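Visitor: Can you read through this structure? Questions will come right after.
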Amino acid sequence: MTEKTIKDWEALAEKELRVSPEGLVWHTPEGIDVKPLYTSDDMSGIGHLNSLPGFEPFVRGPRATMYAGRPWTVRQYAGFSTAEASNAFYRRNLAAGQQGVSVAFDLATHRGYDSDHPRVQGDVGKAGVAIDSVEDMKILFDGIPLDRISVSMTMNGAVIPILASFIVAGEEQGVSRDKLSGTIQNDILKEFMVRNTYIYPPEPSMRIVADIIEYTAKEMPKFNSISISGYHMQEAGATLVQELAFTLADGREYVRAALAKGLNVDDFAGRLSFFFAIGMNFFMEAAKLRAARLLWTRIMQEFKPEKASSLMLRTHCQTSGVSLQEQDPYNNIVRTAFEAMSAVLGGTQSLHTNSFDEAMALPTDFSARIARNTQLILQHETGVTKVVDPLAGSYYVESLTNELAEKAWGLIEEVEALGGMTKAVNAGLPKRLIEEAATRRQAAVDRAEEVIVGVNKYRLENEQPIDILQIDNAAVRTAQVKRIEETRRRRDSQKMKQALDALADVARSGKGNLLAAAVEAARARATVGEITDAMREAFGDYTAIPEVVTDIYGKAYEGDPELGVLAGRLGEATKRLGHKPKIMVAKLGQDGHDRGAKVIASAFGDIGFDVVAGPLFQTPEEAADLALAEEVTVIGVSSLAAGHRTLMPQLAEALKKRGGEDIIVVCGGVIPRQDYDYLMENGVAAVFGPGTQVLDAARAVLDLIEGKRRNV
């Protein structure tokens with residue numbers, strides 16, 4: 001048989017297609033041109049091909065036997081309502097096969113507010129569990145043996161009081177801190193880029209990171225001091241190259257901060273962990289994890305560690321939240337299963353699989369069971385655990401691994417040229433690039449250039465709402481306030497004040513360890529809010545200035561008659577109003593997830609609206625004041641954290657009290673269909689759920705403006 005060449009294949013492909021196979025090249029958002037065929041020629045120059053699992057550069061995995069020796073940890077992220085409700089949920093799941101606990105805190109806790117603070121009325125218990133003191137933490141882990149069950153906590157802004165409360169809760173359960181195992185996220189740099197649950201400015205925030213690394217290295221040898229997260233970057237719109245590069249650049253910055261504390265790299269590097277998102281780009285996501293291990297080894301070699309474990313990247317993964325769709329939601333089960341398989345083939349150490357209903361609300365017991373069992377089926381029924389790194393040697397996957405690594409390294413070097421990640425964050429580079437990528441993707445989805453089944457193709461004509469978990473925010477807040485009052489009544493106030501004063505002195509002086517001081521304050525029953533405020537006196541608050549990218553969404557629609565018709569209507573409305581229709585895009589409460597708000601502000605601006613980008617964390621009253629001062633026609637509220645039932649009626653009432661009834665109020669985001677009527681009855685003119693195309697939303701807003709003008 002005559003050996004065939006790539007030229008032979010090209011000729012045959014062209015005969016089948018009747019055009020050149022070059023038209024099959026997939027131009028990805030990462031700037032990688034994926035070919036329809038890969039061969040041994042694509043392996044040339046790839047340096048890691050002969051590496052083995054358990055040995056540097058760890059492309060094939062950090063452990064020699066990987067899942068053949070022990071499967072990945074099933075670690076489902078959850079938390080809602082009260083500590084009692086979340087504890088019951090954790091215990092049910094542990095009994096059903098879950099192998100670790102991963103805690104989701106509510107936004108009030110993330111931002112360092114106690115549940116009785118007036119700014120968090122709509123946030124308590126809604127998107128996670130409310131924790132105000134050690135008393136809540138003890139209830140959260142009641143009956144869960146902390147010396148045997150590892151605990152992961154997603155916490156960044158209020159990381160000091162939360163970790164301190166966890167340490168004390170463990171002590172009072174009879175588990176000393178050196179026996180506690182798990183992970184604290186403690187990744188503040190990405191908060192300034194995408195998630196926004198920061199409290200203090202970047203510099204003191206980096207001190208907090210370093211103090212936690214120092215404390216855990218000395219006192220908590222089984223505990224991971226940081227989980228460096230790319231997950232939230234991808235959720236905010238980052239490409240896989242951006243997620244990879246910015247996450248590893250964050251990691252490099254944290255290592256430098258720990259070294260500046262006088263630590264030896266081998267004292268802490270083995271306890272650094274990572275956290276990546278896994279989306280629907282199946283092979284590229286698996287290759288991303290392989291590239292991450294390769295690049296992290298390269299970065300850590302700069303610091304000349306003696307232990308091989310200091311060079312290893314160990315990661316947790318979570319299936320994509322962005323890929324979850326409200327429309328035809330049972331499709332999400334399939335999406336999550338594919339993403340889980342991709343994470344496993346990429347070599348994750350632990351995994352969370354999202355529940356199919358999380359595009360609308362917190363998961364129910366039913367949806368959480370399906371999500372958990374997705375992993376158990378992978379572990380026990382597919383045979384995927386039997387072979388270490390089964391994708392190794394694949395022409396396609398090895399080429400992708402190499403190209404992702406090269407492109408990510410180029411972006412890492414760009415960050416270095418700015419002086420490292422803290423300076424890059426201050427310069428706004430990562431945030432701008434991620435927001436541009438998010439806006440481009442929204443345009444691609446709206447134009448059906450990127451197909452999402454059930455959303456922009458193969459849509460159901462009639463969809464039935466599914467059962468969702470509803471949280472009674474008012475009841476949760478009442479219960480939390482009662483417990484706070486009881487805690488304050490029973491504690492030794494003088495001892496508590498002395499502990500807070502000592503913490504404030506450590507913060508002001510720069511001497512001592514913040515976490516060590518906070519542990520004493522938590523033991524004296526200082527609350528999360530009180531510990532946060534003690535440090536706030538020294539560090540101050542951080543306030544981001546809203547900025548919006550331009551000419552991204554509009555460019556995607558250049559020459560499109562659909563946009564031309566809308567622009568014509570906007571021109572007519574401008575003549576009638578005497579100015580461009582003006583919309584304020586607002587975020588209420590402690591919901592810092594601003595991807596949707598930024599995309600809407602950017603796209604509406606490109607379409608021709610006059611856009612006011614409101615600041616994060618506004619109260620309804622503050623939003624009403626700003627809307628009146630800016631003389632806006634419309635307020636568009638983006639809600640992604642379930643606070644809409646409380647905050648939207650409060651906004652309508654605030655506008656009414658100020659004589660702003662004529663301002664049209666609309667909202668969009670993660671809002672269950674079951675809530676639409678309630679919102680419409682409480683001052684909301686239109687609701688735009690997940691999957692709404694931007695041009696459809698713009699047309700609907702313009703319809704409301706025209707109708708309002710005609711009624712005047």
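Every residue, even glycine, has its Cβ placed from backbone N, Cα and C.
For reference, Swiss-Prot lists these features for the protein:
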| type | residues | note |
| --- | --- | --- |
| BINDING | THR73, VAL74, ARG75, GLN76, TYR77, THR183, ILE184, GLN185, ARG195, LYS222, HIS232, ARG271, LEU272, SER273 | substrate binding site |
| BINDING | HIS593 | adenosylcob(III)alamin binding site |
| DOMAIN | 580-712 | domain 'B12-binding' |
Visitor: What three-state class does DSSP give the residue listed as 'adenosylcob(III)alamin binding site'?
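Guide: Note: the residue listed as 'adenosylcob(III)alamin binding site' is coil by DSSP, not helix or strand.
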Visitor: Please work out the number of neighbouring Cβ atoms within 10 Å of the Cβ of the residue listed as 'adenosylcob(III)alamin binding site', leaving out its own Cβ.
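Guide: Its Cβ has 24 other Cβ atoms within 10 Å.
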Visitor: Measuring CB to CB from ARG195 (substrate binding site), give everything in the same chain under 8 Å that is also at least six residues away in sequence.
Guide: ASN156, HIS232, ALA236, GLY592, HIS593
Visitor: Within 10 Å of the Cβ of ARG75 (substrate binding site), how many other Cβ atoms can be counted across all chains shown?
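Guide: The answer is 24.
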Visitor: Quiz question: given the binding-site residues THR73, ILE184, LEU272, which has the greatest number of C-beta atoms lying within 10 angstroms of its own C-beta?
Guide: ILE184
Visitor: Just to confirm my parser: what is the rounded mean pLDDT across the domain 'B12-binding' (580-712)?
Guide: 92
Visitor: Going along the chain, which residues six or more apart from TYR77 (substrate binding site) have their CB under 8 A from its CB?
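Guide: In sequence order, the residues whose Cβ lies under 8 Å from that of TYR77 (substrate binding site) (at least 6 apart) are SER102, VAL103, ALA104, SER152, THR154, GLN318, HIS352.
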Visitor: Neighbour count, 10 Å Cβ-Cβ cut-off, for HIS232 (substrate binding site): what number do you get?
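Guide: Around HIS232 (substrate binding site), other Cβ atoms within 10 Å: 28.
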Visitor: Checking the spread of the substrate site as listed (THR73, VAL74, ARG75, GLN76, TYR77, THR183, ILE184, GLN185, ARG195, LYS222, HIS232, ARG271, LEU272, SER273): what is the longest Cα-Cα distance, in whole Å?
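Guide: So the maximum pairwise Cα distance among the substrate binders is 28 Å.
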Visitor: Where DSSP helix means H, G or I and strand means E or B, what are the helix, strand and coil counts for the domain 'B12-binding' (580-712)?
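Guide: Per-class counts: 64 helix, 26 strand, 43 coil.
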